[in-house]
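Participant: One structure is given below, represented as structure tokens, and several questions about it will come after.
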Amino acid sequence: MRNETIVAQVTCPGKSAVGILRISGFQTKIVAIKILGKIPLARFATYSNFLDENNEILDKGISLWFPAPHSLTGEDVLELQGHGSPLIMDLLIRRILSINNIRMAKPGEFSERAFLNGKMDLIQAESIDDLINSETELSARASLNSLQGKFSFFIKELMNLIIEFRINIESNIDFSEEEININMQDIINIKFRELHDKFLKLKATVLKGSLLREGKKIVIAGLPNSGKSSLLNILSYSDRAIVTDIPGTTRDLLYEDISINGVRCELIDTAGLRDTDDKVERIGIMRAWEMIRKSDHVLFVIDKTLSKSKQKKICDDFMKNILNNKTQVTFVLNKNDLIKDEFGIKEIDGTAFISISARTGEGVNILREHIIKIEKNINNESVFIARRRHIKQLDLAYDEFLTAENTWRESENIELLAESLSIISKFLGEIIGQCTSEDLLNHIFSSFCIGK
């Protein structure tokens, strides 16, 4: 790859005011000479003629020359900014490809070269794609934080503490267990406490960053005809779900994306939970339970016109079914307008009960404010964007850390501790790309836009 020069259109295909081409690689100087007639002044915008193979003008525009290593990719880079005609862009690309050893760039290849040439770490490279695909202001700001290296800083800080820990204990590795003095044992115990706190804080922040990227799954569940579909419609300001008086109308999962307090949330309407002989409806109910167990938050809708004892039984039965699940539950007491009770929120044993009318909209703003209150900790300028692979690697590192801590308590074996710390460093290093397989890189960068 390093011996090939690549070209791609940076701007979106189609007609536009401006079209930009980017070229990177060792042949870029030759491209500049053949297309521009010269190598432009480095890092200056130069008004240039773009020439074809007969030195006739194809277009006029701005050329930008970035000689290696001070460029996006760390290689020689040339950008041509011309008129955004698809025909002009195509003619320029064909002209550039006619030069030897030049090919079209693969998706994300410019960013991949930047990573491989040490211009950015893997987190920063991934955050470029996350910034482009951001759907809320908060996720865009978090992506920018990652691009600027804030996430990487915390990973490297933790890695440096691990390395420092290893250096301290490996200096004692040639001594017997009897010779390990009390002072060293105290140092190790202090280091364990320090690292434990660092891991927990970082894991909490990374989880917030993951929610910004992946979105939060909010499942709307309940018995048939409780008003689940009406709640989906009013929360999403749409008529996404069909609403009827017939029980079992909703049989499959209905998805609707909304933004709450800058966090992307996926609302999921589910089939009414009940015993039924209908085979198709039973499948829908099974899917509903599966989604409930996978969700971050359940809005469990209850028909408030039912008796108090019936409402309590419904709540108790549902909580028993998800007893071992960490999913957060809010009980939404719907049809409050029919009994003319007060609208509002009550908390019982830490669980919220909110009275609303999905038909009239009364009380729904209280529900929205409740959801916003739950998400408020995510709305923090210090949050950075995070991916599932980051969480996985951090979990692996933390699990190994807990294993190391337990093993040390039991055996006080310096060699085993040093080996565990080495494994932890490897897991953390994979997050920023210090130890990364080619398959992983291909998987990450193949999802990028062409031209990035």
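Heads up, the Cβ atoms here are built off N, Cα and C, so glycines get one too.
Straight from Swiss-Prot, here's the annotation block:
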| type | residues | note |
| --- | --- | --- |
| BINDING | Arg22, Glu79, Lys119, Lys452 | (6S)-5-formyl-5,6,7,8-tetrahydrofolate binding site |
| DOMAIN | 215-376 | domain 'TrmE-type G' |
| BINDING | Asn225, Thr244, Ile246, Thr249 | K(+) binding site |
| BINDING | 225-230, 244-250, 269-272, 357-359 | GTP binding site |
| BINDING | Ser229, Thr250 | Mg(2+) binding site |
Participant: Taking only the residues in the domain 'TrmE-type G' (215-376), give me the average pLDDT of this model.
Facilitator: 85
Participant: Let me check the 10 A CB neighbour count of Asn225 (K(+) binding site). How many other CB atoms are there?
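Facilitator: Other Cβ atoms found within 10 Å: 20.
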Participant: Work out how many Å separate Lys228 (GTP binding site) and Lys119 ((6S)-5-formyl-5,6,7,8-tetrahydrofolate binding site) at their Cα atoms, rounded off.
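Facilitator: Computed Cα spacing between Lys228 (GTP binding site) and Lys119 ((6S)-5-formyl-5,6,7,8-tetrahydrofolate binding site) is 50 Å.
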Participant: At a 10 Å cut-off from the C-beta of Arg22 ((6S)-5-formyl-5,6,7,8-tetrahydrofolate binding site), count the other C-beta atoms across all protein chains.
Facilitator: 23
Participant: Considering all pairs of residues in Arg22, Glu79, Lys119, Lys452, annotated in the record as contacting (6S)-5-formyl-5,6,7,8-tetrahydrofolate, what is the maximal C-alpha distance expressed in whole angstrom?
Facilitator: 18
Participant: Roughly how many Å lie between the Cα atoms of Glu79 ((6S)-5-formyl-5,6,7,8-tetrahydrofolate binding site) and Ala358 (GTP binding site), rounded to a whole value?
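Facilitator: For Glu79 ((6S)-5-formyl-5,6,7,8-tetrahydrofolate binding site) versus Ala358 (GTP binding site), the Cα atoms are 55 Å apart.
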Participant: Which has the fewest other Cβ atoms within 10 Å: Lys119, Lys228, Lys452, the binding-site residues listed?
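Facilitator: Comparing Cβ neighbours within 10 Å for the binding-site residues Lys119, Lys228, Lys452, Lys119 has the fewest.
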Participant: Name the secondary structure element type, per DSSP in three states, that contains Ser229 (Mg(2+) binding site).
Facilitator: helix
Participant: Can you tell me how many other Cβ atoms are located within 10 Å of the Cβ belonging to Ser229 (Mg(2+) binding site)?
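Facilitator: For Ser229 (Mg(2+) binding site), the count of other Cβ atoms within 10 Å is 24.
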Participant: What binding-site residues in the list Arg22, Lys119, Asn225, Ser229, Lys452 lie within 10 angstroms of Ala358 (GTP binding site), counting C-alpha atoms?
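Facilitator: The binding-site residues close to Ala358 (GTP binding site) (Cα within 10 Å), listed in sequence order, are Ser229.
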